[in-house]
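To keep things clear, I will list the structure first and then write my remarks on it.
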Amino acid sequence: MARSSRSSSNRWRYLNPAYYLKRPKRLALLFIVFVFGTLVVWDRQTLVREHEEEISKLNEEVTRLQNMLGEFKDDKSVIGQAGTSGKSNSANRKSNVSDDPIDTQRREKVRDAMIHAWSSYEKYAWGQDELQPQTKNGVDSFGGLGATLIDSLDTLYIMGLDEQFQRAREWVANSLDFNKNYDASVFETTIRVVGGLISSYDLSGDKIFLEKAKDIADRLLPAWNTPSGIPYNIINLAHGNPHNPGWTRGDSILADSGTEQLEFIALSQRTGDPKYQQKVEDVILELNKTFPPDGLLPIYINPHSGTSSYSTITFGAMGDSFYEYLLKVWIQGNKTDMVKHYREMWETSMKGLLSLVRKTNPSNFSYLCEKIGNSLTDKMDELACFAPGMLALGSTGYGPDEARKFLSLAEELAWTCYNFYQSTPTKLAGENYFFNSGQDISVGTSWNILRPETVESLFYLWRLTGNKTYQEWGWNIFQAFEKNSRIETGYVGLKDVNTGVKDNMMQSFFLAETLKYLYLLFSPPSAISLDEWVFNTEAHPIKIVTRHDQLEKLGVSGGQHNSETLSRARKEGRFRGN
């Protein structure tokens, strides 16, 4: 035991500092061991820290790749459906093969805006027509047809918002009911609801959308039962009683009567039932009987006689989309002889449009006048800012000289429309503008309701020229919307673009058109290729189908009706230029 005790005592002496002070060599050895151990520990900590940094970098790279995968899925959702085409109808195909990182960032910002708008609608106005963000409630502006929901379907699909799309799809399948004792606008119901459903069908292939489109179209069809075939513009969805609004004194409106062709032709193509196509094409035949040499029609038409009433000629409200559809039906039919007369009528109208072009002093802004009789009014609606895009799109069907002329005019008008925005304190455009002598641009009606027309034209001009200036202008407009119109519960318009006072309505077309065109403005050209899709006036993309092929599929009745009618019309000289 004594030995054991002594041995233990000897071991503890190594912990006594005095032991080492008497033995310098052992002290030096201990110091060396201490330094070496410290270096080992420090090196280990450095390795751990570097390892953690490497892990962090790898996590960041994984996140980046996940984001890229998400973006790839987003693009795939539109590119996969749209497909890619070996032929090109736009100059920018050569210069925009890859996706610009700035475009990707901006596209994501627009997608975030759509998520914000849609989430607000889901939370406060689900199934209703439109959201009032300030008061956090929904309103049935269109009879309770879920206008915002249907208008948003293809935007959700194109942006790859799959969960939101599926929830909306389930509402359409289980809750959408058109049997409403409501006097609906044939025009608004067609472009928003019929167009939105057909587009969703073309993109997704889900037949529920086609079934619903047929249901609502059947309820609208009695509107065309007039002596001339020019439709009444209002119809009761439950009872089918058509009429015109009292303030038109019984007349039909040009745009309201001539802006159903894309949707109803598409519906006949997809269902194999020619009745929809026949109704809307008879309207064009009727209008062509008295089509004027300048191709400009007043905004009021008598549905009994089919003749125009003395009224305003405009590319703005109540006239605009008639001219748009003359061009787009030609594109929808893949530019074959079956739709050649639409192009001919459109080109005639474009000669008339040239007669309405004026320039301001001193800055030489080009603009489109309005006309009544022989008198011109120096006024242009923001709605008419669709015209630059239409002209750019239509310029590709001209020979080289005419194509340059119309594309140049499109660019000049787009610059004016962009300055509608830039000329106000909020950088958002008013509803219309006047051009007084010596004064370039003066806002008239000063509200802004989130309209898409200028952005629409910027989209077409970018696609068709490759000029990224149009993307910059679009980005500036988007930022102005974000600054002035975004609130916690959605997006609102402005009562006055000068003061920035907000209204209480998120228009359905903000989701259907404004945000969609902005998103596509920063997307690759293969996303909803203009070679394979045509947009209706509510920005719903509809698949291009060659008309003569489709008519054969419709059967003898459909083909005979159209070919015989067109042949008879040509013999009677009702198609100018034939």
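Each residue, glycine too, has its Cβ placed from N, Cα and C.
Annotation comment: TrEMBL describes 80-105 (among others) as region 'Disordered'.
In this view, E188 (active site, proton donor) is surrounded by 19 other Cβ atoms within 10 Å of its Cβ, with every protein chain counted. If you look up TrEMBL, you'll see E188 (among others) marked as active site, proton donor.
Taking Cβ-Cβ distances under 8 Å and a sequence separation of 6 or more, the neighbours of D320 (active site) in its chain are A255, T314, D381, L383, A384, F386, A387, T537. Residues or ranges marked as active site by TrEMBL: D320 (among others).
Here the Cβ of C385 (disulfide bond) has 30 other Cβ atoms within 10 Å, regardless of which shown protein chain they belong to. The disulfide bond annotation in TrEMBL covers C385-C417.
Other Cβ atoms within 10 Å of the Cβ of E431 (active site, proton donor) number 20 in total over all chains. The active site, proton donor annotation in TrEMBL covers E431 (among others).
Among the features that TrEMBL reports, active site is placed at E453 (among others). For E453 (active site), the count of additional Cβ atoms within 10 Å of its Cβ stands at 26 [all protein chains shown].
Residues annotated as region 'Disordered' in TrEMBL: 556-578 (among others).
Residues annotated as compositional bias 'Basic and acidic residues' in TrEMBL: 567-578.
Note on C417 (disulfide bond): other Cβ atoms within 10 Å of its Cβ, all shown chains, come to 29. In sequence order, E453 are the active-site residues from E188, E431, E453 with a C-alpha within 10 Å of the C-alpha of C417 (disulfide bond). C385 (disulfide bond) has its Cα within 10 Å of the Cα of these active-site residues: E453, taken from E188, E431, E453.
Cα of E453 (active site) to Cα of E188 (active site, proton donor): a distance of 16 Å.
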